[in-house]
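**Q** When I checked TrEMBL for this same protein, it listed these features:
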ACT_SITE  A:His461  active site, proton acceptor
BINDING   A:Gly186, A:Ala187, A:Ser188, A:Tyr189, A:Ile190, A:Ala191, A:Leu192, A:Glu193, A:Gly277  NAD(+) binding site
DISULFID  A:Cys48-A:Cys53  disulfide bond
DOMAIN    A:358-470  domain 'Pyridine nucleotide-disulphide oxidoreductase dimerisation'
Amino acid sequence: MYDFVVIGGGSGGLACAKEASQLGQKVAVLDFVKPSTQGTKWGLGGTCVNVGCIPKKLIHQAALLGHSIQDAKYYGWNIPSDITHSWESMCDNVQNYVRSLNWGHRVQLKDKNVEYINAVGTLVDKHTVKTVDGKGKERLLSTDNIVIAVGGRPRLPDIPGALQYSITSDDLFWMTKPPGKTLVVGASYIALECGGFLTGLGFDTTVMVRSILLRGFDQQMANHIGDYMSNNGTKFLRECIPTEIKKTSTGQYSVTYSDKNKNTHNDMFDTVLMAVGRNAVTGSVNLENIGVELDTTSKKVIGGYKNNSERSSIDNIYAIGDVLYNKPELTPVAIKAGKLLAQRLFNNQTQAMDYQNVPTTVFTPIEYGCVGLSEESAVEKFGEENLEIYHAFYKPLEYAMVTERDVSQCYIKLICERQSPHTVLGLHLLGPNAGEVIQGFSVAVRNGISYEGIINTVGIHPTCAEEIVKLNISKRSGLDPTVTGC
Amino acid sequence: MVAEVSVEGYEAYKKAAEENKSKLVFALFCGSVNANGESWCPDCVTAAPVIADNLKHAPKDSVFIHCGVGGRDFWKDQNNVFRKDPVLKLKSVPTLLKIGHPQRLEEAQCAKPEMVKMLLEED
């Protein structure tokens, strides 16, 4: 008999399980990694640790370092011209680091007295979870409460060859040989990040985009990212969709695709990476049969019952993380929601998860950090006439002496209410270390900072972040937003 | 049954590890005992019976190296060979390692039966 069974050992599930156990509950967490379509497997910790944020950021850093080596010439370093990069040694180190995190999670669960069960969990009824391990051994767990934290997995387009020949982000970070000439299909942040770092590592990379970049994100910023990437070596095929992948006798993949005029084209690639979206993996949990309401298209758990964002239509069943319908799919969101849920259930706390003003960063070669509303959402919600949008194109000092560095997309946009007190609705930053900069500003935005609150703050010179507190040109004024000098 | 090997000092450890490199090797690093059998490292003393009890969980054909890292003064030198070794990178004693894998337990963790069992068992 358990108090609390968490299905899914990703960031959210683990945080929630540990918090509940610390509050004296008897807790089990179930995690079982079904191999990817290409057979890739990994350990405890979920997407972020194994096939998401962590390996992605490390490889992004590898690409940034390559750029820095080139910049270093301008700073007096004698750089040999024959510098090469080893995909194998990078991935070896990334994988060893990820494995150490897997182990660290297992140690923490033991330390916090959470039972880890390496098995798939299926609901038998609202208080019974059946577990099936890798050897087919079954167990029935009785529990008061259940948390669904099974997350999502990449989706493949339904075209001939995709299942057999394409890889996804589940496989990329665990590849043992370099990807070579790569086609990335998709325009999500995952597609652009992967396309960006592969270009940065020197691979011939093409991103195939069906319609717009970064759906749901501010489109002016998204298009700046596309421009930056195009100007810095990533090829784009716009308004194209793949129709078939075939393997050739040389081991390469022949990809057929059609453009907006329905004309058919073909090209050869060493690797085809699909990044067209992710599906919630609720399929094996048997949720609908016991009455948990799922969104019909996404198969995500609908929360919000009894005024509780994480509570499903069944009283004692909750959902957190990527599997919760209509909430941001971000590790820190899942962790915070999971901890708060445990505190409400087992410690008489009342604090709900605040899903508003969640900051995030897209780690494309030019990083994009944002918090709050996109310009499109702000216009829709408040009307253009009720907004004042400040913006600036700026030049990071670290690139000032590096003539080949392209800074034309280093840009900031601050969206404020036009009426006093000029509350900040959204902040968007393109440039180096955008994540580091936006994290701090997100504290202010979350706490209702006004435009004056931002610009009355003294900057730190010389930094990129100071350009935010110096913002003074509004879009409405039509003045040139290019920052010059100090 | 796991084969136990006891060694004293870094060179002896390296030799034992090299001799068994084709096998799965676990290594426990503890403060060395003096002529009277007394250890300067209380955590090592606490961990010893817990580890002994759980050795039965180690895969057969594996090797378990008990290594004394030396006296207290030698160990406390922040530049000693155990700390500087790029694979071992020891920070504390006792440390229990699965060589070539990320599995590592340090100090009080080595006295927790569940954690020791988890490290020694096959994945």
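We count from 1, first residue shown onward.
Positions of Cβ are set from backbone N, Cα and C atoms, glycine also.
Provide an account of the burial state, proximal residues and distances for the features listed.
**A** DSSP assigns A:His461 (active site, proton acceptor) to coil, not to a helix or a strand.
The secondary structure of A:Gly186 (NAD(+) binding site), as reduced to three states from DSSP, is coil rather than helix or strand.
A:Cys48 (disulfide bond) falls within a helical segment according to DSSP. A:Cys48 (disulfide bond) has a Cβ environment of 24 other Cβ atoms inside 10 Å.
In the domain 'Pyridine nucleotide-disulphide oxidoreductase dimerisation' (A:358-470), the DSSP tally of helix, strand and coil residues is 36 helix, 31 strand, 46 coil.
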**Q** May I ask for the distance between A:Gly186 (NAD(+) binding site) and A:Cys53 (disulfide bond), taken between their Cα atoms and rounded to an integer number of Å?
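**A** A:Gly186 (NAD(+) binding site) and A:Cys53 (disulfide bond) have their Cα atoms 18 Å apart.
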**Q** Largest pairwise Cα distance, Å, within the listed NAD(+) binders A:Gly186, A:Ala187, A:Ser188, A:Tyr189, A:Ile190, A:Ala191, A:Leu192, A:Glu193, A:Gly277?
**A** 14
**Q** Average pLDDT across the domain 'Pyridine nucleotide-disulphide oxidoreductase dimerisation' (A:358-470)?
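**A** Averaged over the domain 'Pyridine nucleotide-disulphide oxidoreductase dimerisation' (A:358-470), per-residue pLDDT gives 97.
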**Q** Among the recorded positions A:Cys53, A:Ile190, A:Leu192, which residue has the fewest other Cβ atoms within 10 Å of its own Cβ?
**A** A:Cys53
**Q** How long is the line from the C-alpha of A:Ser188 (NAD(+) binding site) to the C-alpha of A:His461 (active site, proton acceptor), rounded to the nearest angstrom?
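**A** Just about 34 Å between their Cα atoms.
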**Q** A 10 Å Cβ contact count, applied to the binding-site residues A:Gly186, A:Gly277: which residue has the minimum?
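**A** Among the binding-site residues A:Gly186, A:Gly277, the sparsest Cβ neighbourhood within 10 Å belongs to A:Gly277.
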